[in-house]
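Reading through the structure tokens given below for one structure.
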């Protein structure tokens with residue numbers, strides 16, 4: 001990704017997604033209160049923002065040659081679709097997939113939706129990593145499906161233990177930005 005595009009994405013995140021307070025008022029999914037909140041849906045649900053994230057994340061994952069990329073719904077969904085689009089435009093299609101928080105209660109009762117086959121190499125996506133628990137839930141579902149997880153790829157690493165928790169499971173974490181770079 002061109003440095004100019006990365007800088008443009010960083011500016012968009014700072015302007016639209018990063019919320020900063022004097023006191024810890026933002027409750028994170030981990031239950032912890034924080035002074036900082038990163039709401040990447042303000043970027044991924046915007047055409048330009050989703051394109052920039054798709055392009056940047058594609059550049060991050062493509063060297064690992066995944067067959068597919070996806071993660072826990074809802075944060076990873078637009079990122080997976082954007083990567084799929086950008087990868088197709090580069091004549092290197094990477095399939096998107098979605099991991100439900102729980103297996104579907106009817107029909108095929110799948111937890112993972114996508115055109116996947118056991119044994120395929122997948123990149124697990126995350127919008128923001130804090131403790132890594134959401135990413136690890138997706139990793140577990142992928143492994144149970146028989147997929148080879150090559151890494152967790154995040155837009156933002158909050159630098160609050162997520163990297164260490166993910167790496168304890170033998171999975172590397174790659175991120176476009178660390179929270180400290182955006183403050």
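Quick reminder: no glycine exception, Cβ is built from N, Cα and C everywhere.
Taken verbatim from Swiss-Prot:
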| type | residues | note |
| --- | --- | --- |
| BINDING | 100, 101, 104, 106, 126, 127, 128, 129, 130, 131, 132, 133, 134 | 5-phospho-alpha-D-ribose 1-diphosphate binding site |
| BINDING | 130, 158 | orotate binding site |
Neighbour-count leader, CB within 10 A, binding-site residues: 104, 126, 128, 158:
126
Please report the number of other Cβ atoms within 10 Å of the Cβ of residue 134 (5-phospho-alpha-D-ribose 1-diphosphate binding site).
25
Measuring Cα to Cα, how many Å separate residue 126 (5-phospho-alpha-D-ribose 1-diphosphate binding site) from residue 158 (orotate binding site)?
12
Within 10 Å of the Cβ of residue 100 (5-phospho-alpha-D-ribose 1-diphosphate binding site), how many other Cβ atoms can be counted across all chains shown?
14
Just the number: how many Å between the Cα atoms of residue 134 (5-phospho-alpha-D-ribose 1-diphosphate binding site) and residue 158 (orotate binding site)?
14
To the nearest Å, how far is the Cα of residue 132 (5-phospho-alpha-D-ribose 1-diphosphate binding site) from the Cα of residue 158 (orotate binding site)?
10
Could you tell me the C-alpha distance between residue 100 (5-phospho-alpha-D-ribose 1-diphosphate binding site) and residue 158 (orotate binding site) in angstrom, no decimals?
23
Tell me, how many other CB atoms lie within 10 A of the CB of residue 130 (5-phospho-alpha-D-ribose 1-diphosphate binding site), whichever protein chain they belong to?
24
Looking only at 100, 101, 104, 106, 126, 127, 128, 129, 130, 131, 132, 133, 134, the residues listed as binding 5-phospho-alpha-D-ribose 1-diphosphate, what is the longest Cα to Cα distance in Å?
32
Taking the Cα atoms as reference points, how far is residue 130 (5-phospho-alpha-D-ribose 1-diphosphate binding site) from residue 158 (orotate binding site) in Å?
5
Report, as a single number, how many Cβ atoms besides its own are within 10 Å of the Cβ of residue 132 (5-phospho-alpha-D-ribose 1-diphosphate binding site).
27
Please classify the secondary structure at residue 134 (5-phospho-alpha-D-ribose 1-diphosphate binding site) using three-state DSSP.
helix
